[in-house]
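> Below: one structure in structure tokens.
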Amino acid sequence: MATDSRKIRVAVRVRPFNAREMEQNPRNIIKVLDRSTLMFDPDEDEDEFFFHGVKQTHRDITKRVKKKLTMEYDDVFDNTATNADIYEVCMKPLVQSVMNGYNCSVFVYGATGAGKTHTMLGNEHCPGITFLTMKELFRQIDSLSETRKFDIGISYLEVYNELVMNLLTKSGPLKLREDANGVVVSGLVLKQIHNATELLDLLALGNRNRTQHPTDANAESSRSHAIFQVHIRMVEKKTGQKRTVKLSMIDLAGSERAASTKGLGLRFKEGANINKSLLALGNCINKLADGLKHIPYRDSNLTRILKDSLGGNCQTVMIANISPSSLTYDDTYNTLKYASRAKKIRTTVRQNIVPSNVPKEFLVKKVNEQAEEIERLKAQLAQLEELRKAQPLTNVTTPPAVDEVLLNTWISRIDSCYASLLQAVQHSIALKSKEKLLNMRVKLKEQAEQIARIVTLDGSQTNVDIAKIEASIDRCGKQVASQQGEKNRWLERLQQAQRNRNTIRQEALQSDLSSVLKGYLSGKDAEIAAAKAALSKDHVLQISFTYSQENKLWHNIMELSGEIIQNNYLLLRSMDRVDNVVLEKLKRLVKLNHRQRGVTFVDDEYQQELRDETNLTDNSIDDIANLSDCSEDAVDFPTTAANGTTVSLDVGGGNKRTKIAEESESEAENESGRPALFKSVDSADRSVFKKPKIVSRTLSFKATTVGAGITRATMSRRTPTKTGHGGSMKTTTTSQRLKAPRLVVTDTMPGSSIGSAASKQLPGASGSSSSHLEKGEDTSDTSDEHIGVGNIANSTFDIGSSKDDDTDSPFSNVLVESNVDPQVLDKVLRRASMKNKMTLSVTKENRKKSPKRIGKSPRSINRSGSRANASATSVINRYHMMKGKAGGFASGSSSSSSSSSTAKATGKATVTRFANNNLENDSDRNRHNRLMGIKK
Ligand SMILES: Nc1ncnc2c1ncn2[C@@H]1O[C@H](COP(=O)(O)OP(=O)(O)OP(=O)(O)O)[C@@H](O)[C@H]1O
């Protein structure tokens, strides 16, 4: 229970002069200096004193010397103060204390007519502090009614001639007794009230019952001490805690001297009793102020009733009312002296909490709960404190207020700009995609046209079919041309939209809202990028679908062709009409079908070559997936499309590449032990379609002299270059790229007949090969590689067919036909005798060395197969046999060379030469002539 030691609060109120006083022109003996200080009996304004017309500097000796007492109180109110002012300063805090459970008391003290009753009760126009206090009391009770239950009872007593009377019932006298709670008025029944109106009605009733008699000093002089008390019992609804408090408002009778009232008889007796009670009050106040233990409360009923208010458990306010008139000089002086004494009185206040009937266990539980709550709150407070320390105040920056109107304006501008950009991007990419797909179809149709020229039964339908294809190509071309204008228009709009976007971006980032707008712009850029990614994905899917359809068509063609070829081959074989030429072609076809590959150098030069070849024009088939020229701005395309295909569309023009990575296939090829033709392209500038490396080599023959005047035919291999041999080579490269984007088929089979056959199937290669031969280019070309063993070793040969006669194996034929250096060939054949499949590969380092050097140290793999050994042994024997007839060999070679030279002139070299070389004996020649319908 909280206790507090407080002094009585003492306020002095100075009333205005009344009419009666004004009539007597009294002197003002009170001068209010400030809100807490006044001067009693101040100096008057000195009138100049003249004697015989001369101003006297000496004072008027007839006048009394002024006391000029400066007195200090808690509050001093001058004659202009209203009851409301008194209430605000003195009573309002007291009401709050009552609601907190403290007993409170206010009493007004002063001489008769000093304004005590005016202060307490007031009038209609100026309600007194009792009314104002009760009003505030009920206001607070109403506000707390949800949490507390209030019971209010009032009593209104008067002490008249030392008799205690009940003003509300006009009954008495009542006796006083003391118990543990203090002084109790026996038989006093509290009037219960429920609102302020009831209270004020009862107050008015009591006032009417109060003893009043006119005196010389006051026409309505109160001749008794009135004690108005409000008893309040408060019960906390939640906890059941009870408090009982008492607010006492005491209007004392006038403390005037009997002389001033000029009372006689009954009035004199009243005055004597009043003085007696007030004298007792004065004594109590003096002793309380001196801190004495014994206080003579029992000297009067007034002091008994005021015991609590003066020295007990109560917050007390004393309002001393005084008149400023010099007519009441002594009464005012006494009042001020009493007030000064009362100022020293200390009271001890405590909350009047009534012990409740709540079980002890409940209270213990409540205490424990509150203790836990306190611990929890302490922990939270500690955490918050740590956080505050960890985060310096400098980092706690309050975000600046954003001008919403300005922000909305910016956002609408940006939205509009990006909407235009998005529209332009969508149209541009769509048109570009359409153009690319049309170009792709044109290329495929051109390829189909070329195939149609080759594959025909008797040529009768060729022209009709080709005409249809050409018409279709023309239609595609017209579509491309027709949309060109629209595409350019949208590209211009796209560029304009990009410029607008860049402008607004710069302005936004320089504005006051740059920090907010930066994020918004990034979001808009992401939207554009997402739209582009979606369009690119659609484009790639269409390409993929078209290729898929084309692939199916080729599959059907090959399936049907294979069936026809096999049937025809079996038919010819049954008729014993399969000659070597046909057999070679069939074997070549089978090998091609088996995806057999030649040697490919995987080095920087190769990569450069790859890049050169893929440096294509905008409409090439390889550039078909590249839409980057629709995204020249800074918005990048995503690197991964939704279908898992990696798409890299770089920014900035038509020479950027699209990459479709097919890692799994490349890895599978590498694992098979074959050369890694396509290493994974990891750099941006290699982001191209993976394309076959086609090493198209042409063969040429010339007669050379090998020591001792022996002339023999030598074969040189030439790797065509794109730039050195006219437009035909470019055509070849582009066309071959179309054929098998994933397959690497190296035309490395030595032998012009095979090259010729291949050239018929590969129009581009045919062009380059035939033109080379027909032009009869000199094999001394510096770019050529001489065919020695090293060059032959650059190929992989598969000696496979079990049906082949040993002497007819292509391997042996090639070696014999090549007429290589006998010593070198001897070594090679020795090694070959142990091999079924011999693969001679050339590393990057060896490639730079001379062919002879390479030939001396071939690397071999796959050594097994007795049948192949027999085949190789047969070849060696045949070689030695031929070597033994050197003259004939040389003659044959010369003949070949001669024939070749003749063929160059006539353009029929290829077939003739191979016919001569392969038909070494009469039986072969006869069989060949029979099959070919040649008659001797
Ligand atoms: N501050 C004031 N302003 C205006 N009039 C006042 C003021 N104080 C007192 N009066 C007037 O002075 C007269 C006497 O006042 P009041 O009755 O309050 O004196 P009192 O101290 O109660 O006297 P008593 O002890 O005889 O009852 C009343 O007519 C009252 O209206």
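Glycine too: its Cβ is placed from the backbone N, Cα and C atoms.
Nobody curates TrEMBL annotations by hand; they come from automatic prediction.
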> From 480-507, 592-619, 788-815, which range did TrEMBL mark with coiled coil?
480-507
> In the predicted model, what is the mean pLDDT computed over the domain 'Kinesin motor' (7-345)?
81
> Give the residue from the binding-site residues G110, G113, G115 that has the most other Cβ atoms within 10 Å of its Cβ, counting over every protein chain displayed.
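Going through G110, G113, G115 one by one, the largest Cβ count within 10 Å is at G110.
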> Suppose we screen the binding-site residues A111, G113, K116 by Cβ distance to ligand 1 with a cut-off under 6 Å; which survive, in sequence order?
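So the answer is G113, K116.
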